[in-house]
Amino acid sequence: MSLETYKFSDELHDDFKVVDSWINNGAKWLEDIQLYYKERSSIEKEYAQKLASLSNKYGEKKSRKSSALSVGDTPAMSAGSLECASLTTWSKILDELTRSSKTHQKLSDDYSLDIAEKLKKLESHIEALRKVYDDLYKKFSSEKETLLNSVKRAKVSYHEACDDLESARQKNDKYREQKTQRNLKLSESDMLDKKNKYLLRMLVYNAHKQKFYNETLPTLLNHMQVLNEYRVSNLNEIWCNSFSIEKSLHDTLSQRTVEIQSEIAKNEPVLDSAMFGRHNSKNWALPADLHFEPSPIWHDTDALVVDGSCKNYLRNLLVHSKNDLGKQKGELVSLDSQLEGLRVDDPNSANQSFESKKASINLEGKELMVKARIEDLEVRINKITSVANNLEEGGRFHDFKHVSFKLPTSCSYCREIIWGLSKRGCVCKNCGFKCHARCELLVPANCKNGEPEVADDDAVDTSVTATDDFDASASSSNAYESYRNTYTDDMDSSSIYQTSLSNVKTEETTPAEPASKVDGVVLYDFTGEHEGVITASEGQEFTLLEPDDGSGWVRVKIDGTDGLIPASYVKLNDELNTSVTLDGDSSYVKALYAYTAQSDMELSIQEGDIIQVTNRNAGNGWSEGILNGVTGQFPANYVTDV
């Protein structure tokens, strides 16, 4: 192999840390050389009697570090008595020092004020550039490990879903009831979604891993080689400069100085790299690809599932991926244009300026990360489109914005509560549809576009401007109504959307009536940190305004201030416990069919409505419940439990 074309990536593979340690040794070695010139400056004042001891001192230092500087701390093959070219040159410099016993103050000043400072600057530059490369490697490795961990989590989640599906199947085989059949269907849909997630994450990881080991890591290793050669090249220049000063001041030593310079000239930067690389080369193979592993109890294949509700997840994922791909390609074009201006100063040249090298390292690091991201997205998009074609055609996709909710809010998809600054959620900017972050990719593409689910002033903090990271809170006067309907996990997002909309309209048109004013007492100190949540002290008495509806919160009035407080932090008196306890039959059902009330005692319902049951057996096959604040009776066989 020619030294002119020698590259670390030809012989080193997954050895970044070994190379980084070697580069660090070289950078720290510059400190030794800097100290050498400072000490020589003082020794020059004492003439020849000090020069011999100085040469011996640094000869010993060189001997102790010879192996680490030549072949690294943990070489694959011992170098024996061999030393790298730089150390050989350094040895000849020390030999010359022994023979040079006379000098004067000017030489001492030149060594102290010129050479030592250049070495200090070179060391700081090398260390700064090494840290940049080290940070890039950590980012790339972290991203790879993150993808691998996501595959492992998806695999565990998929296998658990298979277990749940098998359990649901066994229950259905045993009972053959409508409820068990519905649970079986939901479990199967959940398992298939998690299978797709597992497969896609695995494919993305494999592609990312290939790019990491075949392109990203070799590129970093080659740049580390260039960095070391940059150090050696600049070190050679400093050494030459130091002896040029000595030559100009000591004509009698001119011939010896020329000889040393010729030896330094033989120290080609690539020689150290080649010696290090050849003594650290070892057998290495690319890690094997991951393959789909089906659950032991669920026989399956590695094919993506595009049937039924799985389409929602794949459709949303495809649209998100294509949008992200466009952004990443735009970013890549921008980075290419920035790099074009730096390529005049060749980034692979050992003589490249520090500022240019640092800028090009940062930009090329970003470029590698963007290319890796583009590769990941293209793998995912190609896989989905090859199996399901253009799923996104004809869909009315929500334009979600990620938010945090200060007060409890109901997810319009799964009907569970979204709450807390750490609980991430999404709000559609077009229709106000709210959901968990985890539900975003499961929401059907049926945006109402201009028909908001809730009034914007009540749903989102309007003081927040164009940002994806803001807090949202409900501002309804009846705070706990915003999360009353949270007892359904039905997957029909259209029905969920309509029900949520009807609930909000009821809240806007029907003022909340406070509960009977019955006193209670606060059991523990509580500090309210969010809007609508009050602060209370142990022993304070209060008036109950709204009871706990199952959310874990009550609305109370203390010393003229009303707000929410955890139900577990208060104690109600016996009269209140009796008055606010729900009927034993209280639960929720979903309407299977529409029914129009025939009298004032009956309740009109629509398919998909969620009804709170107050009496399951009202007589003659009828039940009693509450819908949109209205209480009435409805046919018991028109509904099903949720």
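Cβ from N, Cα, C; glycine included.
What Swiss-Prot lists as domain 'F-BAR' is 6-272.
Under the heading coiled coil, Swiss-Prot lists 113-190, citing sequence analysis as support. Summed and averaged per residue, pLDDT over the coiled coil (113-190) gives 93.
Annotated zinc finger per Swiss-Prot: 397-447, in sequence order, evidence recorded as sequence analysis.
Break the domain 'SH3 1' (515-575) down by DSSP state and the numbers are 5 helix, 28 strand, 28 coil. Per Swiss-Prot, the feature domain 'SH3 1' maps to 515-575; the stated evidence is sequence analysis.
Positions annotated as domain 'SH3 2' by Swiss-Prot, on the basis of sequence analysis: 584-642.
Helix first, then strand, then coil: DSSP counts for the domain 'SH3 2' (584-642) stand at 3 helix, 33 strand, 23 coil.
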